[in-house]
Amino acid sequence: MTSASSTHSRERHILLGVTGSIAAFKAAQLASDWVKQGHQVRVLMTAAAAQFVSPLTFQSLTHQSVRIAMFDDSGASQTATDDGMHVGITHIDDAKWADVFVIAPASADVIARIAAGMANDHLTATLLAATCPVVLAPAMNTRMYDNPVTQRNMTTCRQLGMSFVEPSSGLLACEDVGKGRLAELSDIEWAVDEALEGMSAPRFDADVAGPGRSGAARAEAPRPTSDVESAGATPSDAGSSDAGPIDAAVIDAAMADAEHSTTLVVPDSVTSDVVVPDAGAMPPLRAGGPAGGAEGLLSGVRVLITAGPTREPIDPVRFLSNHSSGRMGYALASAAHDLGAAVTLVSGPVSLPEPAGVTMVQVQTAAEMFDAVTARFEQADLVVMAAAVADFAVAAQADQKIKKRGRRALTLQLEATPDILAWCGEHRHPGQVLCGFAMETTELVAYATEKLARKGADMIVANSLTTPGAGFGTDTNVVTILTATDGEPHRDDLPMMTKRELAGQILARMAALRVSA
C-alpha cells in the first residue's frame, strides 16, 4: 500500500509512535510504506505496544533502532538494536530529527497523557520536546472513544495544534460494533503527506496554541492584477453565469497565487461545529491571507464546500453509501483557507483530519447535507459541490435490525434524494460561482457537458472511475474541467496531479470566473 504525493520527491524524517492497541500490527505496514517511498522512519513504542508487536519487526522494516523504555535499570535511556539495548539519551535527539510525529495507533491512555502534558515515558517525553507537526490516529473500543473524557482530551490536543485522523466504524476486536477502528492506512498516509506539504507554512499561532510550535513565516503571495469584487446580494433564479471568456492574465495571476499555497495541517484556531441544519451562518471574513497575514487570492471571499459520501440508513445497523474518501473536498477546503478565504466545509462521514481554520459541519444523510448547504448558500461567494451524495435513499427505514431468518431475498423501496447542485443552480445570485463534480464510467465528456447545462453550474470537474490514478480513495486525480463561457462549454483536460494540486487549479479558475463576471 503506497500513497502518491508530491512530498515523495524528497526524503523526510517520520517519527512513528506505536501504543498499546490491538491495531499496533497495522503500524508495521505504515512503516514499510514510508520506507518504500524513500523516507527515513524511526519508531517509538510504549511498553504495552511491545506486547502486541515485537520491536524487531519495526527494526527490520526501518533499518533503525527502536525506542522503547525511557530508562533501563541503570537510569539511562534505552534503545533496541541488533546487539541488544543501546544506552544513551534519545528523546531530544528524536524530537529534533523528526519532520512529522505520527502516533498510530493512539490509545486512549496516550491521548490522555498528551493532553495533560505528561512526559512519563519515552514517547510522551519525545512528543513534549517536538516542534514538528503531530498527527494522531486513535484506535480503541467505541465506548472508550465516545467517553466525554476522551473527547475532551482530543479537543485539548486539537487546541494545542495537533491533528487527528478519525477512526472508522465497524466490528471491533472486542466484538462491539461502532466507531473506534484504526483509520484506513491510506487515510493516515494522506494526512502525513498533508502535514509534510505544510511544513513551510505557519502551523501554530504562538499566541493561541502555546509556545514552541510556531512555524516559519509564509512568503507573501502575489495578488492578481485585478481585484476580486464583492458578490452581489440580490437573489436570482438565474440558472447559469453570464460570465464572458476568462482573461488569461487573471488565470496567470491566479495560478501564481495558488502555487504559493501550502497546506496548514494544524490550526491557529479551531472551529468545529456539530451540524445544526438550520443554523446557516457562514464564518466571518478573514482580515488577510493565512493566519491573518499576507492577502491571498481569495481574501474577502466566503467559500462553501461539500465533501465525502452520505449514508442512507436501511436499519439501525446497515446503510447505503459509496466509496468516497472525502480527500478532494478536504484538499479544496485546505487550499481555499490557505488562499485567504473564510471556508465552511459540509462533510459526510470520513476518516480525515479536519482542515485547519475551517468551519466544519458534519452530516450523515443527503437530506442533512441539503439542509446544511441551503441554509448557508446565499452567503457564499464560491460554492464547490465535491461530495458524492447518494442519489437514492430507503423510503422507510426499519426501526430494528432486519433479520435474515430464512429470507432468500429482500426488496427495498428507494426514493430520490434532494438534488443539491440543481437547487444551487436555481437559487444562485449574481456574482456567485458554482462548481460541481461528475464521476462517470463511460461517455465522460458528454455526460459532464449535459450536467453543466442542466444543473446551472459554471464549472464541472469530471473524472472517470476507469482512469488509472483517478477516482475514489486515491491521492491523485485525472480530470477534465468544463467551464461555461459565452454559453458554450470550454474543455480543459488536465494531467494526473495530486488532489492538493488540483484543488489549487480549481479554485484559481473559480476566482477568475468571479473576477470576469
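Glycine is no exception: its Cβ is also placed from the backbone N, Cα and C atoms.
A mean pLDDT of 69 is what the model gives for the region 'Phosphopantothenoylcysteine decarboxylase' (1-302). The region 'Phosphopantothenoylcysteine decarboxylase' feature in TrEMBL is assigned to 1-302.
As annotated by TrEMBL, domain 'Flavoprotein' applies to 13-180.
For C174, the entry in TrEMBL reads active site, proton donor.
Residues or ranges marked as domain 'DNA/pantothenate metabolism flavoprotein C-terminal' by TrEMBL: 298-512.
According to TrEMBL, the region 'Phosphopantothenate--cysteine ligase' annotation covers 303-517.
Taking Cβ-Cβ distances under 8 Å and a sequence separation of 6 or more, the neighbours of K455 (CTP binding site) in its chain are D419, L421, A422, C424, G425, G436. What TrEMBL records for D391, K401, P418, D419, I420, L421, F437, K451, K455 is CTP binding site.
In this view, P418 (CTP binding site) is surrounded by 15 other Cβ atoms within 10 Å of its Cβ, with every protein chain counted. Contacts of F437 (CTP binding site) defined by a Cβ separation under 8 A and a same-chain sequence distance of 6+ are given as M328, M385, A386, A388, I460, V461, A462, N463, in order along the sequence.
The DSSP secondary structure for F437 (CTP binding site) is strand.
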